[in-house]
């Protein structure tokens, strides 16, 4: 059937609107948010190994959005990237699987690290450090690079002729059809959805249980603690514990978001394997709508970490405000200099001093009060 005929079905129209308008929105939000997250987190990698994982996660999420979500949107515009040539066919397929797997398993290993910090605090310093963070990241990248490497030779353009029209399509080559089309969807579901879901769910329960027990223990300790204890030691211990709790809260938000956004896809994969709803055209379109919604939820997981960091991280919010204020100051200074240069001022007019220990946004009204035309 032609697309204009399919638009008669409400489900198909909704599916198309989600891809046409939802995909670029997530792409824009995810790109800006992940770039800001990477900038802030990368500056703090020396403070905690967790930030090393999360900074790499921000980059991988950007790659997922541009290799996967951008492709979904371009299809709606009539551009199928993987069908352009053999190189794009193999590379786009490989990167699509590789980046998605690495992104998800970075969440897994950072959840493992946080579980060690919470459950085994005495062993944490020897395991949860920059050295092992780099080793963990390198291991995840290497494993999934090798796991998905076969796409570089198992995929190629296949040409079909219909009514004297030659149509290219990126498909598995002969000899790899069963692997790519039958086996690999389940392998991908296991590595991207099912296994990470179970691991993160179990570890989050362990983390929450230990956090509750630790909170009870702290309350008892405070009651028994002597007031003569050195204040410096108390302050240092409190600051370290507070930082650990903030990181734990941030990671719980990230991991639970992953569980929520991936759960619908897991349910649909199991449901579709047990129930066949594709016998009728309406059933097929309805199934595709559900898969589209689940797919967009998965891409949402790669787009909103910045907002989770802002919601759960006080220091992250502070550094973001400082970054925004710095950008605002630089922009205003640039506009002032440009304005002064264009008007060729002969009288030297000192710029308003904007360096401040505070991270508040610059109030633009102060410039108008001094008679400066921006």
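Think of each number as a place in line: the chain as shown, counted from 1.
Cβ atoms are placed via backbone N, Cα and C, with glycine included.
The shown structure was predicted, so the numbers you read here are calculated from the model rather than taken from an experiment.
If you look up TrEMBL, you'll see 33-309 marked as domain 'G-protein coupled receptors family 1 profile'.
Look at TrEMBL and you will find 20-42 (among others) tagged as transmembrane segment. Within its own chain, the transmembrane segment (20-42) has Cβ neighbours under 8 Å at 51, 54-55, 58-59, 61-62, 65-66, 69-70, 72-73, 76, 296, 299-300, 302-307, 309, 316, 319-320, 323, counting only residues six or more beyond its boundaries.
Residues or ranges marked as transmembrane segment in TrEMBL: 54-74 (among others). Tertiary proximity for the transmembrane segment (54-74) is limited to same-chain residues at least six positions away from its ends with a CB under 8 Å from its CB atoms, namely 19-20, 23-24, 26-27, 30-31, 34-35, 37-38, 41-42, 45, 80-82, 92, 95-96, 99-100, 102-103, 106-107, 110, 137, 254, 295, 299, 302-303, 305.
Same-chain residues lying 6+ beyond the ends of the transmembrane segment (94-120) with a Cβ under 8 Å from its Cβ atoms: 49-50, 53-54, 56-57, 60-61, 63-64, 67-68, 71, 127-128, 133, 136-137, 140-141, 144-145, 147-149, 151-152, 155, 188, 191-192, 196, 199-200, 203-204, 206-207, 210-211, 214, 244, 247-248, 251, 254-255, 258, 302. Taken from TrEMBL, the feature transmembrane segment covers 94-120 (among others).
What TrEMBL records for 132-153 (among others) is transmembrane segment.
Annotated transmembrane segment per TrEMBL: 189-212 (among others), in sequence order.
Sequence-distant contacts of the transmembrane segment (247-269), counting only residues of its own chain at least 6 positions beyond either end whose CB sits under 8 Å from a CB of the stretch, comprise 48, 50, 54, 104, 107, 110-111, 114, 117-118, 189, 193-194, 196-197, 200-201, 203-204, 207-208, 211, 290-291, 293-295, 297-298, 300-301, 304-305, 308-309, 311-313, 316. Sequence annotations record features per position, and here TrEMBL assigns transmembrane segment to 247-269 (among others).
Summarising the annotation, TrEMBL assigns transmembrane segment to 289-311 (among others). Proximity of distant same-chain residues to the transmembrane segment (289-311), defined by a Cβ-Cβ separation under 8 Å and at least 6 residues beyond the stretch ends, is recorded for 11-12, 14-15, 18-19, 22-23, 26-27, 29-30, 32-34, 36-37, 40-41, 54, 57-58, 61, 64-65, 68-69, 72, 103, 250, 253-254, 257-258, 261-262, 264-265, 268, 317, 320.
Summarising model confidence by region, the domain 'G-protein coupled receptors family 1 profile' (33-309) averages a pLDDT of 86.
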